Amino acid sequence: MQISLIAVGKTDSKDLMNLMETYQKRLQHYIKFNFMVIPDIKNSKNLSEAQQKTKEGELILSHIQSSDHVLLIDERGKQFSSLSFSDFLQKKMNGGLKQLVFVIGGPYGFSDAVYARSNGKVSLSSMTFSHQMVRLFALEQLYRAFTILRNEPYHHR
Ligand SMILES: C[S@@+](CC[C@H](N)C(=O)[O-])C[C@H]1O[C@@H](n2cnc3c(N)ncnc32)[C@H](O)[C@@H]1O
C-alpha cells in the first residue's frame, strides 16, 4: 500500500518544512509515502470562500484515482487513539488497498465535491488547527502508528 497526503497551499515556514521533512523521512522507512501540495489559488482575494474551496476541490480531486480510499483530515471526523489508528492502518494494508489518500483542506476547509468523493473523515482533535500545522501533526501520527505496529519504543503506552 502507498499512503499519500495531499495538502492545500505552500508553507513559507522553514521551521515547519524542516520538521515535516524529518517526519516524512522517518515515515518512508516503513511505507511508500508521497506528500503533495496543491498550489495556492491565484487571485484568491477576488474569490469568495466558497469559490476558493471549489477551485481547491477541483485540484484535489484531479489527483485522486478511482481506486483510492480517500480520508479527509477534518475536525468533524472520527477520533482515533494512536493505538486504534495504527490498527486501522494495519487493516487497510491487510485488505490489499493500493493507495490510501489523506487530504488536508485549505483555510476554509473542503468543498462539497471533496466531501462527496471521500470515504471518511479523521479528526485529530475537536479544536481547529491551522491548515499549515495540521500537515505536521498528521505526519507525526502516521509515523507514530508505524512505530506502534513495529513495537518500536517511540510511543509510550
Ligand atoms: C483552518 S482549518 C478549516 C476550518 C474550516 N472552518 C472547516 O470547517 O473545516 C483547515 C484544515 O485544517 C484541517 N484541520 C484543522 N483542524 C483540524 C483537526 N482538529 N482535525 C483534523 N483536521 C483539522 C482540516 O483539513 C481543515 O480543512
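Backbone N, Cα and C atoms are what each Cβ position is placed from, and that goes for glycine too.
TrEMBL lists ILE73, GLY105, LEU124, SER125, SER126, MET127, THR128, PHE129 with the feature S-adenosyl-L-methionine binding site. When other Cβ atoms within 10 Å of the Cβ of THR128 (S-adenosyl-L-methionine binding site) are tallied across all protein chains shown, the result is 9. THR128 (S-adenosyl-L-methionine binding site) falls outside any helix or strand according to DSSP and counts as coil.
Secondary structure from DSSP puts ILE73 (S-adenosyl-L-methionine binding site) in a beta strand. Taking each of the binding-site residues ILE73, MET127 in turn and counting other Cβ atoms within 10 Å of its Cβ gives the largest count for ILE73. The secondary structure of GLY105 (S-adenosyl-L-methionine binding site), as reduced to three states from DSSP, is coil rather than helix or strand. Among the residues the record lists as binding S-adenosyl-L-methionine, namely ILE73, GLY105, LEU124, SER125, SER126, MET127, THR128, PHE129, the two farthest apart have Cα atoms separated by 15 Å.
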